[in-house]
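Notes follow the structure.
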Amino acid sequence: LLSQFDPDNTGYISTEKFRSLLQRHGSELDPHKLEVLLALADSNSEGRICYQDFVNLMSNKRSNSFRQAILQGNRRLCSKALLEETGLSLSQRLIRHVAYETLPREIDRKWYYDSYTCCPPPWFMITITLVAFFLYNGVVLDRFVLQVSHPLYLKNALLYHPQLRAQAWRYLTYIFMHAGIEHLGLNVVLQLLVGVPLEMVHGAARISFVYVAGVVAGSLAVSVADMRAPVVGSSGGVYALVSAHLANIVMNWSGMKCQFKLLRMAVALICMSFEFGRAVWLRFHPSAYPPCPHPSFMAHLGGVMVGITLGVIILRNYEQRLQDQTLWWIFLSIYVIFVLFAIFWNIFAYGLLDLKLPPPP
């Protein structure tokens, strides 16, 4: 249909011709997509719309030219903000709420609101939280939480123990064990309240990468900086997600329109501080199984470092290719170097330092 307005086959039509086209067929277009397309046209000093960008918009794709035009243009939206729309169903209000909780730009919020279909659902965070935590601890071990004073606390194949560091799966599976019901409860609350909305917006691939990177960084940080201690809990992954989300809010403070954002940040920081303070206290508290100390708190710090580096880049670049981002490659390289360093540290440093490690469980 657009070819009728482009007789020279240039691939572009003027905004004037496009508006006349909308007068005939505007009712067939989603109003939010129409606003994005007009903002795209306004970003071009010549007032033209690319046919391919129109096709991409209708098929929920963003080409490189589309991203660049939106980033460089004035991004002026034509009608009221998404937050002011009325008559929405419960599911539509939920999607709108998630958009305002996680995205700083109105044009991205409307894009997300139109394109989100809940297919697939946020399966990763829900699976990790419900299946891994509750089904494993509740069904297999016949208890939901293993307190650090429980006889099975160290005698399981999941937690990270310095004497068993050659068993590589422990650098990941330690997240399935928790040192007390309060430890589990705070991690689950933060993981669901922060992780699920982030996965709804950014997808399972990106959020699972941040989460797993935080988990690995947490256990490796313990093996480097607190070499005699075991580690349990999902705090490495949880703190990676929460710190990335909070840092993204701070960096885009003026654009974030979520209600009570200051209160939400305060609650998240209080919960994180309480859980971290508890971990520090527990680490230096007399152990129930001397000479093996209580779990280390270094996994929390490893997760935070991942969140404010890799996590911030991933959350900041909504619907944009990470391979085009210079900072992404810089932080990814730093992370890979740290992982390689920690691997070699685990192989050689323990023997060279001649540490007296606690006996294997």
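Residue 1 is the first one shown; counting continues down the chain.
Using N, Cα and C of the backbone, Cβ positions are placed for all residues, glycine too.
Per TrEMBL, these features apply:
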- Ser235: active site, nucleophile (ACT_SITE)
- His300: active site (ACT_SITE)
- 1-28: domain 'EF-hand' (DOMAIN)
- 123-146: transmembrane segment (TRANSMEM)
- 207-225: transmembrane segment (TRANSMEM)
- 231-250: transmembrane segment (TRANSMEM)
- 262-284: transmembrane segment (TRANSMEM)
- 296-315: transmembrane segment (TRANSMEM)
- 327-353: transmembrane segment (TRANSMEM)
Folded-back contacts onto the transmembrane segment (262-284), same chain, C-beta under 8 angstroms, at least six residues removed:
148, 179, 182-183, 186-187, 189-190, 194, 226, 229, 233, 235, 239, 242, 246, 249, 293-297, 300
Determine which residues of the chain contact the transmembrane segment (207-225) at the Cβ level, with the cut-off under 8 Å and only residues 6 or more beyond its ends counted.
124-125, 128, 160, 162, 165, 170-172, 174-175, 195, 198-199, 231, 234-241, 244, 296, 298-303, 305-307, 310-311, 314, 335, 338-339, 341-343, 345-346, 349
Tertiary contacts of the transmembrane segment (327-353), as residues 6+ beyond its ends and Cβ separation under 8 Å
162, 165, 213, 216-217, 220-221, 223-224, 227, 306, 309-310, 313-314, 317
Cβ neighbour count within 10 Å of Ser235 (active site, nucleophile):
32
How long is the line from the C-alpha of His300 (active site) to the C-alpha of Ser235 (active site, nucleophile), rounded to the nearest angstrom?
6
Counting every protein chain shown, other Cβ atoms within 10 Å of the Cβ of the residue listed as 'active site' number 26
